[in-house]
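Feature annotations, courtesy of TrEMBL:
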- 12-30: transmembrane segment (TRANSMEM)
- 42-64: transmembrane segment (TRANSMEM)
- 71-89: transmembrane segment (TRANSMEM)
- 109-134: transmembrane segment (TRANSMEM)
- 154-173: transmembrane segment (TRANSMEM)
- 208-225: transmembrane segment (TRANSMEM)
- 232-251: transmembrane segment (TRANSMEM)
- 288-306: transmembrane segment (TRANSMEM)
- 318-346: transmembrane segment (TRANSMEM)
- 353-372: transmembrane segment (TRANSMEM)
- 587-607: transmembrane segment (TRANSMEM)
- 613-630: transmembrane segment (TRANSMEM)
Amino acid sequence: MNKIKNNFPYKWVFSFLSAAAFSVNFNYVSNFEAFSTINQRFSSTNFPLVLLAFLLPFLSFFLLENGKKPVNNSWQIVTSVILSLFALLGESVSKTLNLDLLLASKVTFLISLIVWAGFAIFIYAFIDVLKFVFKQISDAKVIEKINRYHFPNFYWTALIVFLLWLPIIIYLFPGTIGYDGSRQLDEFFKVYIPRLHFTYFPTNHHPWFATLVMGGIFKLGLLLFHSNTGAFYLHSTILLLVSVFAYSGLVLRVRKLSNNFNAWIVILFFGLEPHFSAYAVCFDKTGWFLASTAFFVSAFLDVIVLKKKNIFSSSFLVISALLVCLFRNNGIYVVLPAILLSIFLFKEIRRPLLIIFAVVLIAYEGWSKVVLKALDVMPSSPAEMLVAPIQQTSFIVTNYPRELTKADKKSINKVMYLDKISKTYNPTFGDSAKNLFRYNSFLILASSIKEFQKNPNWWKGNLYKKNVKQYLITWLKMGIRHPLQYVNATLNNQFLSLDPIPERSFNLNDPYGSISIYVGRPRNTYFVLSNKYLKDVKPLVKSQKGMLDYLSLICAIPIVNLVLKTALWNWLAISMLIYFIFKRNKLGIALTLPSILTFLINLDGSVNGDARYTVPIEIMMIAPLLFINADEKKQLEKNKQSQPPIFGALIYLSRN
């Protein structure tokens, strides 16, 4: 047996499969049954990538054979198989928007199996090479020297982050304005739209708490400076300070729990990844949500890792968790499960975590069910939580209308405009699906506002809840009949969240379709937006050519632009969860869970691979990465013996 094993050319087979996977294209094929399909599919012109895919497994075997001791890499095998399946599924629908390239015939299915195996081998080998590279970096003498130097305190850290942001800030001041932010201004000031005889009013479509914060600052700016420009300057300045403080506090925790080198890496990451600086001066809830996420990760580390049970650290975790929930409606589904899991995993801090969990839950429910109701704030439409089901339903209605029964049509028509679905449905853009829902809080199109005016009080009764419940039953029954079609519709809507291969670019005309960075103000052409607060806003720098060139350059550099790949951050979170489960590292599992929950929530998102919703994962993944090579018990013991942690209060941060 050993003789056969030694003589079997497994290295060549693995390398060939890896190269073969990257030799396959995913363009449309006219005849899937024909044997000529093989020639059509194996016709990639990217020779350098194919060569890399061929050589990488050899390098992996070389590193394995020269290793000092055998390593159990079961987690790596599982990770490679899962991630390669994601890549295969994403590539299969990215150009054709159907599963024909995957399942149309025995030939295509065989090709899919080859691609799956090849991708898995490539990913496994790539992880091996990454581990080797990081090991060499961590053992480098220069790292030891950096770790011996004095690390900057809070003030200096904040200044460094600010200076790294300065080039982008100068171009974007007094602040960019997102479509969502413009809509929030309309709601806050109750703007009247004459041509529609419609007045915007408070809704929780975008969290009303965020609207109050942003609108309140803007109103203060109008009072102080008597101009829209001054109001946007004030908002950007305050959000900029909050963001710098939030990210700097997290950097110092990285320093405390790790070393100087890792802390410097995090500083450079926060400083050079363009989303952090761009959203720190954007009139949009996203910047506030990202800063709140950084505060939450810092507070979570204080309590979970450093085991601090005092009132200050507990209060910090409560406040930061609430901010995450109040600046993003689905934030509650991230923070509460993360805290709940920690209650079960860590006995020594179970009591304070139970109190924190209860306080966050009661406070959030009180705000959502009592305060907002008392203020007569319209809740967010059910469509916001049902993007995937709506897309799946639209897929069936558009492509398989004869499969619908009369009961199906009746149930669907009670919550969606059945006759408009086939005309409006966009397979890769779930945002359009919201306007198909009869119970709508989106209200950005003239047509949706007119439909809303026919039934403006839908949210004050229980009929919509009954109809939505009946629709979900119908949706479930349809899914049982058409499981592959549901998978197809979900992949069409979010393949960029699963597959990192498609290129992302900076697109000034469509920030949602590129890397989600705004560089100007909304144009009142398609959306119903008031120009009242967008007029006469004078930019600090009139020409944005330098900014546009900078963002385009980042997207074009092969290695640098990896941070802009939505799917890669999701892959990292999944990989780390599998790793920590196999290593039975409770701390790692608890710290990775928020990223996994965010990824799952994003799969129900309305924008395919939207980078805005992946940036929180970038922040959250900093925490578990600190413990990837650490023995849990030794690390915890080290933390107990270390000096008192740096908490969220900015003054206290600066003193440490």
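These residue numbers are counts, starting from 1, taken along the chain as shown.
From the backbone N, Cα and C atoms, a Cβ is placed for every residue, glycine too.
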Taking a Cβ cut-off under 8 Å, which residues six or more beyond the ends of the transmembrane segment (42-64) line up next to it in the same chain? 11, 14-16, 18-25, 111, 118, 121-122, 124-126, 128-129, 132
Out of 109-134, 232-251, 288-306, which stretch has the largest tally of CB pairs under 8 angstroms to the transmembrane segment (154-173)? 232-251
Same chain, outside the transmembrane segment (288-306) by at least 6, Cβ under 8 Å from its Cβ: which residues? 210, 213-214, 239, 242-243, 245-247, 249-250, 253, 257, 275-276, 279-280, 313-314, 316-317, 319-321, 323-324, 327-328, 331, 335, 338, 342, 346, 349, 352-353, 356, 587, 590-591, 594, 615-616, 619-620, 622-623, 636, 639, 642, 645, 647-648
Using Cβ atoms and a strict cutoff of less than 8 Å, what residues sit near the transmembrane segment (208-225) while being 6 or more residues removed from its termini? 181, 184-185, 187-189, 202, 231-235, 238, 283, 285, 288-289, 326-327, 367, 372, 375, 377, 533
